[in-house]
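Participant: Sharing the record's features from TrEMBL:
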type	residues	note
DOMAIN	33-168	domain 'RDD'
TRANSMEM	40-66	transmembrane segment
TRANSMEM	78-97	transmembrane segment
TRANSMEM	398-417	transmembrane segment
TRANSMEM	471-490	transmembrane segment
TRANSMEM	502-520	transmembrane segment
TRANSMEM	526-548	transmembrane segment
TRANSMEM	560-579	transmembrane segment
TRANSMEM	591-609	transmembrane segment
Amino acid sequence: MTAPVLRPSATPPRLESRVDVETPEQVVLSYTVAGVGSRAAAAIVDALICVGAFVVVGIVWNALGAPGHGRLGAAERWLFAIVVFAQFALLWGYYVLFEVLHDGQTPGKRLLGLRVVQDGGQALSLGGAAARNLVRIVDMQPAFTYLVGIVSAAMSPRGRRLGDVVAGTIVVREQAVSAPFAADVVPGAPNDAERALPPAALLSDEEFALLERYMARRQAIDPARRQAIALQLARRLKPRVPTEVDAGLGATDYAWLAALHDRERRARAGVAVLRAAGTARGSSPTALPHALVARGAGRWREFAALFAAVQRRRGGLRALGEDEVSDFVARYREVATDLARLQTAARGRDHDAVFYLARLVAAGHNLVYRREESTARTAIDFVLRQVPAEVRRSWRPIAIAALLLFAPAVASFTAVVRDPTLVTELVPPSLLERAESGQRRGPRGGYLPEDEAGARGPVLASVIMSNNVQITFGAFALGITAGIGTCFLLVMNGVAALGAPLGLYASKGILGQILGFVLPHGVLELSAICIAGGAGLLLASAILLPGARTRRDALVDESARAVRLICASTLMLVVAGLLEGNVSPLVWPLAAKGAVSAATAVMLAGWLWPRRAA
């Protein structure tokens with residue numbers, strides 16, 4: 001990367017959309033928002049990868065001989081289950097996994113130089129990645145054309161599809177711009193404006209505060225103690241000071257610290273100095289920016305080259321040693337300070353140098369400010385404390401979701417029992433055939449026919465899990481429709497998957513047959529659906545009842561809560577799927593199935609019971 005051409009406000013307006021964010025260093029960074037075309041190209045690359053993986057999975061599926069599950073051996077059943085989970089992971093886990101592990105980049109985004117970041121420029125969080133990709137269900141409509149997402153991105157000033165709006169994320173171009181030096185800003189002899197420039201700050205706020213406390217109290221410390229503290233403090237701060245600056249600070253530790261303190265105080269008064277110089281009589285409006293570019297160009301080139309080298313490394317900063325990371329962070333802080341000075345000196349004018357350096361600092365910012373690494377302890381705390389706490393906190397939307405599920409179920413059950421002819425309009429033909437065969441088997445027969453009951457185990461469990469989890473994902477994502485889609489999904493499941501089937505079996509006198517199948521897993525499965533419905537209603541509340549917040553802020557806040565609810569429902573459905581695939585098909589007495597159901601209810605209550613933080 002080379003240094004920029006410096007042009008004043010006559011620079012033509014840029015065509016790309018930009019967004020400014022403020023860093024912890026109080027420096028304003030400029031990101032270029034990724035356009036619809038580049039995002040579509042990245043999506044095509046990712047889609048091709050997924051299609052290729054699906055083809056491989058399909059070949060394995062066909063090679064195994066597919067669904068004669070009852071005739072499969074134990075090893076083949078487990079292999080089939082793995083294939084089912086692989087399909088589910090490709091469909092729902094590909095984007096989340098890559099964006100979390102590679103800091104907002106899927107292979108397609110990496111190839112196109114794109115990255116997903118949070119609104120404030122921070123690295124993408126796990127919750128943000130989950131939220132934006134679950135809402136992909138809506139963005140990809142109609143029929144996988146992504147028309148909804150494309151229209152949303154095209155209409156948004158920040159190019160955000162609905163998933164980005166919910167998660168509070170933006171997709172930005174990561175490449176920093178480059179341009180050759182103009183002849184009049186090549187580094188040379190310092191001019192009057194450059195001589196007026198204060199030095200660049202080298203220490204962090206914490207380090208400067210430590211140095212300031214030492215300088216303020218040094219006279220009150222006895223000489224031997226003062227010398228020992230000066231030695232320790234100098235050893236701590238020397239790695240932050242470049243060699244060329246270190247040489248001019250002083251020979252003894254005491255003199256070195258005093259000179260460094262004076263230099264840092266002048267550096268931190270730099271904004272006032274720049275403003276005074278910029279408004280001085282006879283000063284050129286571009287003199288200070290030219291001088292800053294001339295003085296900092298070499299430092300910017302070095303950091304740009306270092307950034308490019310780190311970016312090419314697999315793992316980014318994680319692949320560097322401790323000294324290399326310290327060097328990168330120190331250089332990043334230097335160029336961030338240069339940017340703050342340049343922005344102040346430019347006084348709002350659109351200089352290419354400001355744009356160039358803002359992009360360079362933004363690129364470095366994405367590497368420095370990564371999310372905190374998760375540990376086994378934090379994951380356990382999340383599952384055992386944070387997720388149950390969110391379920392308890394969100395009892396109101398969950399209760400509304402339960403009402404939307406069970407009220408239609410009771411109504412449809414009553415209607416079918418009173419008039420069995422209604423059932424043909426409420427349930428699929430396959431369920432009617434199953435009820436007919438169940439009637440022939442009698443009240444003591446199992447819910448599943450013998451050939452299907454023989455399929456119990458990992459294959460049936462994996463199919464049930466993946467299907468149920470996808471339903472709950474839909475209940476959450478459809479909350480972005482102001483809750484209309486979520487409510488419709490809950491009502492339809494209450495009628496077609498719960499009330500009408502139970503009414504059908506009751507009208508034929510074999511209600512115990514279907515209850516024997518539902519009881520072992522029903523508590524967990526139905527509770528999970530209500531919790532997922534509550535997650536969708538949280539999104540709806542952000543749109544309809546944002547309160548004092550903006551709708552955008554409300555969506556981001558409520559989506560973070562909703563993702564925790566989806567984690568709860570997913571964990572519950574995994575356990576429910578294991579029970580439904582292995583225990584529910586067994587022909588046990590109804591009392592035994594009821595005991596399993598009661599045990600799951602006790603386990604669920606124990607999990608949701610309040611507990612203290614570790």
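Cβ atoms here come from the backbone N, Cα and C positions, even for glycine.
The model shown is predicted, which means the values in this text are computed figures rather than measured ones.
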Participant: Let me spell it out: take the transmembrane segment (526-548), skip the flanking residues so only those 6+ beyond its ends count, and list any with a Cβ under 8 Å from a Cβ in it.
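Facilitator: Residues packing against the transmembrane segment (526-548) from afar: 166, 391, 394, 397-402, 404-405, 468, 471-473, 475-483, 485-486, 489-490, 493, 498, 554-555, 557-559, 561-563, 565-566, 568-570, 572-573, 576, 604.
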Participant: Taking a Cβ cut-off under 8 Å, which residues six or more beyond the ends of the transmembrane segment (471-490) line up next to it in the same chain?
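Facilitator: Sequence-remote neighbours of the transmembrane segment (471-490) are 92, 134-138, 162, 165-166, 401, 404-405, 528-529, 531-533, 535-541, 543-544, 562, 565-566, 569-570, 573.
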Participant: Same chain, outside the transmembrane segment (560-579) by at least 6, Cβ under 8 Å from its Cβ: which residues?
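Facilitator: Residues packing against the transmembrane segment (560-579) from afar: 127, 130-131, 134, 382-383, 386-388, 390-391, 393-394, 398, 461-462, 464-465, 468-469, 472-473, 476, 479, 520-521, 524-525, 527-529, 531-532, 534-536, 538-539, 596, 600, 604.
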Participant: Short question: which residues 6 or more past the ends of the transmembrane segment (591-609) have a Cβ under 8 Å from it?
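Facilitator: Long-range Cβ neighbours of the transmembrane segment (591-609): 384, 388, 391-392, 515-516, 519-524, 527, 572, 575, 579, 583-584.
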Participant: Cβ under 8 Å to the transmembrane segment (502-520), counting only same-chain residues 6 or more beyond its ends: which ones?
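Facilitator: Contacts with the transmembrane segment (502-520): 409, 412-417, 420, 423, 427, 431-432, 435, 438-439, 441-443, 445-448, 579-580, 583-585, 587-588, 590, 593-594, 596-597, 600.
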Participant: What are the DSSP helix/strand/coil residue counts across the domain 'RDD' (33-168)?
Facilitator: 94 helix, 7 strand, 35 coil
Participant: Tell me, roughly as an integer, the mean pLDDT over the domain 'RDD' (33-168).
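Facilitator: The average pLDDT of the model in the domain 'RDD' (33-168) works out to 85.
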